[in-house]
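First the structure, in the form of structure tokens, and then the observations on it.
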Amino acid sequence: MDPPAGAAGRLLCPALLLLLLLPLPADARLAAAAADPPGGPQGHGAERILAVPVRTDAQGRLVSHVVSAATAPAGVRTRRAAPAQIPGLSGGSEEDPGGRLFYNVTVFGRDLHLRLRPNARLVAPGATVEWQGESGATRVEPLLGTCLYVGDVAGLAESSSVALSNCDGLAGLIRMEEEEFFIEPLEKGLAAKEAEQGRVHVVYHRPTTSRPPPLGGPQALDTGISADSLDSLSRALGVLEERVNSSRRRMRRHAADDDYNIEVLLGVDDSVVQFHGTEHVQKYLLTLMNIVNEIYHDESLGAHINVVLVRIILLSYGKSMSLIEIGNPSQSLENVCRWAYLQQKPDTDHDEYHDHAIFLTRQDFGPSGMQGYAPVTGMCHPVRSCTLNHEDGFSSAFVVAHETGHVLGMEHDGQGNRCGDEVRLGSIMAPLVQAAFHRFHWSRCSQQELSRYLHSYDCLRDDPFTHDWPALPQLPGLHYSMNEQCRFDFGLGYMMCTAFRTFDPCKQLWCSHPDNPYFCKTKKGPPLDGTMCAPGKHCFKGHCIWLTPDILKRDGNWGAWSPFGSCSRTCGTGVKFRTRQCDNPHPANGGRTCSGLAYDFQLCNSQDCPDALADFREEQCRQWDLYFEHGDAQHHWLPHEHRDAKERCHLYCESKETGEVVSMKRMVHDGTRCSYKDAFSLCVRGDCRKVGCDGVIGSSKQEDKCGVCGGDNSHCKVVKGTFSRSPKKLGYIKMFEIPAGARHLLIQEADTTSHHLAVKNLETGKFILNEENDVDPNSKTFIAMGVEWEYRDEDGRETLQTMGPLHGTITVLVIPEGDARISLTYKYMIHEDSLNVDDNNVLEDDSVGYEWALKKWSPCSKPCGGGSQFTKYGCRRRLDHKMVHRGFCDSVSKPKAIRRTCNPQECSQPVWVTGEWEPCSRSCGRTGMQVRSVRCVQPLHNNTTRSVHTKHCNDARPEGRRACNRELCPGRWRAGSWSQCSVTCGNGTQERPVLCRTADDSFGVCREERPETARICRLGPCPRNTSDPSKKSYVVQWLSRPDPNSPVQETSSKGRCQGDKSVFCRMEVLSRYCSIPGYNKLCCKSCNPHDNLTDVDDRAEPPSGKHNDIEELMPTLSVPTLVMEVQPPPGIPLEVPLNTSSTNATEDHPETNAVDVPYKIPGLEDEVQPPNLIPRRPSPYEKTRNQRIQELIDEMRKKEMLGKF
């Protein structure tokens, strides 16, 4: 993938999955700070003011200061403000009967009267919004779009469009022919205060670039560059833009008969919900999609496409994290598309059945700057019709429109097509995206590519706002003859043209009128499929064929099951599969695909393995010992059971050396046990399938405590005992053995000692806990001998327990530390058939040995204001009153919990608490930001605090993000190649561009002296004029000498830069012209990025000094579309070295611009010899071979002649 481009845009991957990198506003919160309200368009050329809109009647008369909707969308709590009563106001209502609204707003000195109508086609009837919780609970509410409006500006109905939301203030886009405005409230949640003094809004303004702003002005006439020259430069820079705009005007579409409706499922992950807040996120999403809908209504698209919301799902945090894989856009898109497919309603007539899924997230699913990811031409496909979009404010509407454009079949402009000239002017499908609120359009290539595929997207044909359509025949032409279709196309009397028999009637439908049967007409389209074209034949896809059943719309059906394949394991219960295909018949011509799973499985080889200690999961981890390195080292990998039950069919392994748990990024083999706590449920293709102890899939039958399937514990025996020894030697001390088959094993030290417990496998002799040279006193959970063990060391008292069953006998040992006596207690359950007859520690009834005892009180349900807490019970051994595992009290009835009140003190008011500002993200440049934590906390009575929801804090939220270190980075001078010499003979000048650039090729600040940009070039002497012997050639040189008789006017000026006056100033290819004074003034900001105060030297000031030390270099202009006319400074004498002999032709000439003087200067031919200097004013009849100097002389002559008149 190519790296991101510069500030102008981001490169997009040209692969089949297209990703979008788009520079958008840094923030787009609905609750914006007054200092820097985010969300609107920002950057070069953007202006903003504060305005207070008011609601009016149709004639613009004041009705109320309340601009917010009377009701808010479902799920959003806002207090309704009654409209203000205006004394003496009559005539006009708040809204007309059609639901229209009218607002007046004054922006940048212009009074705009907005005429709005409800956008009733953005939210489909029956649409819902779902809030998914962490526990799996879902809250469903109807989705209402009552506060979404579109319309125009009074007086500009044909050239303006408005898309606004008034859920909470006015937010949206006002677009006119010459300029665009983006409006949003300065602060959110103040609807209740609107009636008092109105609501303050921020209005952003940007002029369109279709007409360049006027240049020059009064100061332009004072410079050495004429106003005409500046205007020609402006026109030259606007040629390309005007051409595209004119082509857009030629492409204005006519309203199509068929509307296309994209019914959208909008998925929103938790990062978006948390950023905008649960109170504001729904109306923000509706406003965003309202703008997307308006983008698809732009006339440059050439089709009428409606974006219709049928369902919004706001995901929980856990689900959001599982869908987005950080830094992996391909996998993230696959997860999102799979999720959207699972949300699809099976019935196509369901109100929530969607055609396309749009997923919004603020997580970084790809490299820095990636904004979107989508398949190409996937519309209406059950899995591929989806897009993944990075939400970053209202400008994200262009991300959504761009990615959905890919799904509709549009490619990048300029890549494989001829629309690269529209990229810089805001085409939505540009690879370097320039689209913004102030300018956007669909290129001619996007229009052509859309028309190529749009007719094939049948799912967009249905209208969610109309119902009870009669069922259409599979082939509509079966009911309409060619004569009837001609009448529909051209009017009464028209019939199929029969004058010519040489054409195929199914290729194009030709029609004629009986009054003129030889004049045939066509709309260049074929007849409807199914139209009869010959006896027994019908038109289908442009061909006249026999109509057989296999070409009609056909739903798919499952074929027969294949035989079961081989078993995944040779012993220990494996899985074998069989599959089926949706080919009985295949779905065809828009028919439905098969529903249900394409595979089935059953258990196999359930006999025990010869190696009773074999652990299938352990074997899979061990296979990676030689192949998988972690931390640049090899490890011995042990099995690990994940805490999350959903992850237990994925392979996780634990390093024996470091204890780190690592995901192997793969699923466990089919037939692996889901959990060590369940001996029967198995993993099948990454999912845990419930299996009962009877070996039946889905069975709920379980073993009793000693392993009898469906048993009642009647065959279970409890074995327990205490064993004590005194350490008399170094090394291990054997205590006792626990037999195979033991379950619910508990081994515990009777007293606190410094000894260490150790366990080894009797059959293999391998230690499973605390090998002598590798004692680990830390509490842990580990897998060994096919079961899960829990080891605890609490203040020197060790405990080891497992649910079992043990697959082999273990030996319990102790590593002594000191002389203290060793005492261990043990207890386990075992089936009576496995019990050793010599074991005297068998207890017939152990239920009386344990009891439920009060362990602690639960935490109070509220930190203040009166809460509740309940008793929590634990299992206690009666013998020594020690708390043990609760499983030992399973046979004892648990007492009911006791409730009591707690924390009766009153609650204090929550306040905002801010953290320290983090270091700036950049040391220099234009993107430095620093953030800090902002929390709403509530003080508690015990001098602690707790975090609460932000809605409980009444004050304005403090700023949590601000710009920093916004200054240019240090750079280095970079010089280009020297230009060609300005003359073809004699002495001229050469120039080269010299720019200050940083390492990332942006503008910087250079402390070193700037390298020279101009130098003298000396070519061979110019040929003499030999046609007239009386005339000799002389060389005239301009010098910057002060003439006391002709005082030099002060022409240098300094002015504060007001910003670039053309969007082309940011093109790097034009930066080399910054040395031209006129261009420097036009593009003062781009040419002088390190300094807001731009020196504008429209004409070089004559330096003062002695005549022999002063010389002025005239710049060489190489701009092909720009002619700079510079008048020579008045009163500057000319130096005339005379070329009277050929011997001096090769001598060194110090002049910078040489002109031939084709006439004789009296008295000088014999008296003056080169290189004498003769002060002299240039004659108006001088002629030069240097075309640039000749143009300057001609301009001077014209001005002198005009002065005489």
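Placement of Cβ uses the backbone N, Cα and C atoms for every residue, glycine included.
Per Swiss-Prot, the cysteine from Cys380, Cys386 that shares a disulfide bond with Cys337 is Cys386. Feature annotation (Swiss-Prot): of 943-964, 1097-1118, 1163-1184, the stretch labelled region 'Disordered' is 1163-1184. Each of Cys981, Cys985, Cys996, Cys1057 is a candidate, yet Swiss-Prot gives the disulfide link of Cys1017 to Cys981.
Between Cys506 and the candidates Cys459, Cys486, Cys539, Swiss-Prot records the disulphide bond with Cys539. Candidates considered were Cys996, Cys1022; the recorded disulfide partner of Cys1006 in Swiss-Prot is Cys996.
According to Swiss-Prot, Cys419 forms a disulfide bond with Cys445, chosen from Cys380, Cys445. Most other Cβ atoms within 10 A: among the glycosylation sites Asn942, Asn987, that distinction falls to Asn987. Compared over the glycosylation sites Asn104, Asn943, the count of CB atoms lying within 10 A of a residue's CB peaks at Asn104. Taking the C-alpha atom of Asn104 (N-linked glycosylation site) as reference, the shortest distance to any of the recorded positions Glu403, Asn942, Asn943, Asn987 belongs to Glu403.
Of all the Cβ atoms in the protein chains shown, 24 others lie within 10 Å of the Cβ of Glu403 (active site).
According to DSSP, Asn943 (N-linked glycosylation site) sits in a coil region rather than a helix or strand. Helix, strand and coil content of the domain 'TSP type-1 4' (969-1023), in residues and according to DSSP, is 0 helix, 23 strand, 32 coil. Per-residue confidence over the domain 'TSP type-1 1' (555-610) averages out at a pLDDT of 87. For the pair Asn943 (N-linked glycosylation site) and Glu403 (active site), the Cα-Cα distance reads 52 Å. Across the structure, Glu403 (active site) and Asn942 (N-linked glycosylation site) place their CA atoms 53 angstrom apart. The CA atom of Asn942 (N-linked glycosylation site) is located 90 Å away from the CA atom of Asn987 (N-linked glycosylation site). The secondary structure of Asn104 (N-linked glycosylation site), as reduced to three states from DSSP, is extended strand.
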